[in-house]
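Residues or ranges marked as transit peptide by Swiss-Prot: 1-81. Per Swiss-Prot, transmembrane segment is recorded for 121-141, 184-204, 209-229, 248-268, 279-299, 328-348, 352-372, 386-406, and the stated evidence type is sequence analysis.
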Amino acid sequence: MLQMHSNSSFSPKCYYPLQHAGCVKTLQLPLTKVHGGLNRSESKNYAIKCTQSDSFYSTNKIRNNENSSSRNCKPFNKYRVAVTLQQQDCASNNEDDINSTSFRDVLLKKLHALYVFTRPFAMIGTIVGITSIAILPLQSFADLTPKYFMEFLKALLSAVLMNNYVGTVNQVADVEIDKVNKPGLPLASGDLSVGTGLAITLILSLTSLAIALSLQSPPLIFGLIVWFLLGTAYSVDLPFLRWKTNPFLAGMCMVIVFGLVYQFSFFIHFQKYVLGRPVVITRPLIFAAAIISTISAVMSLLKDIPDEDGDKQFGYQSISSKLGKENVLRLCVYALFFAYGVAVIVGASSSFQLGKLVSIIGHSTLAFLLWLRAQTVDLSNNASTFSFYLFVWKLFYGEYLLIHFLR
């Protein structure tokens, strides 16, 4: 039964169906505005008085309405949760991407620092040199057995590791000087700590010597020990050491390692202890030792030109600071011209026609390229002089290819 009451307070009452029959429930309805004012005409009280049957019927109706509303709201809630989860997933993915990118950048930076730390131009020279020397004792394709390749890889690895030791120990000993001369090097720039660099040098040297000992080859073991001792004496700042500050001792170190150890120790190792043949010193080996020794002496002089500023600052008297950059450059270029002239004469005396032709044309070409490159050197620019030094390393690589045509 519906009863209507007029009341200015607009507080409708309803006999709520979920309560007991005969109870009264007051409902507060919102006021509306009409043209800026309250619409009082709609302010009425509504009271609903429910009987027992009416209460049951209304309750079922309300439940049905609630179920209908719930069904209608389910899709919205589902999509709302999905969108929220997607946003959370996107945020999580973005954080993961940032962390992944940051880790990748740090890893790549460290790997690049390690790459620079090994002085790759010298490492390439070692790979080319040892490979070339390993080929000299071969007499036929039948010598290229699996055992030969395995022994070659072991010897090459020991040489590369020792070469890297010499380059890294030099950087560990020259951190302060390199901050002036070569600020881009890993230790000088701070990309690697000195402790890390020292640990790497120890691992490199010990691993190289361990491989040599495992091969049980006296010439190889002897050569690597000499290489280790000279590399240490060249760089380490101890009494009677640090030979790099003396032009004669510095040149002697490079000549012995590149000109003699490379050639004879590794050649005898491959010829006697890998191929099982008696030791025979060949003409190409002698030629390689002579011309590589000359190029090595030149490189020991050239490398001091871009380092002159730092050497002066720390009180080191290099040959470049004594004679002047221009005189040292001229001396190096003339020494290489002389070596290539001798190489052309030796090649012309070869009985192997193809070897004669390749040797003459090859060394003449290298001499011509050297002359062209020397014209472009700017002695006032350290980057230019260092670039020329790296160019001489390329001549070093090229010579190891040409020695095989001298038969």
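Don't overthink the numbers, they just go from 1 along the chain as shown.
In case you wondered, yes, glycine gets a Cβ from its N, Cα and C as well.
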Worksheet item: In terms of Cβ proximity under 8 Å, which residues at least six beyond the ends of the transmembrane segment (328-348) contact it?
Response: 287, 290-291, 294-295, 297-298, 301-302, 304-305, 319-320, 355-356, 358-360, 362-364, 366-367, 370-371, 374, 377, 379, 385, 388, 392, 395, 402, 405-406
Fill in: Recorded stretch, among 121-141, 184-204, 209-229, maximising Cβ pairs under 8 Å relative to the transmembrane segment (386-406)
121-141
Worksheet item: For the transmembrane segment (121-141), which stretch among 184-204, 209-229, 279-299 has the most Cβ pairs under 8 A?
Response: 279-299
Discussion item. Are there residues at least six beyond either end of the transmembrane segment (184-204) with Cβ under 8 Å to its Cβ atoms? List them, or say none.
Written reply: 109-110, 113-114, 116-117, 161-162, 164-165, 168-169, 171-172, 175, 178
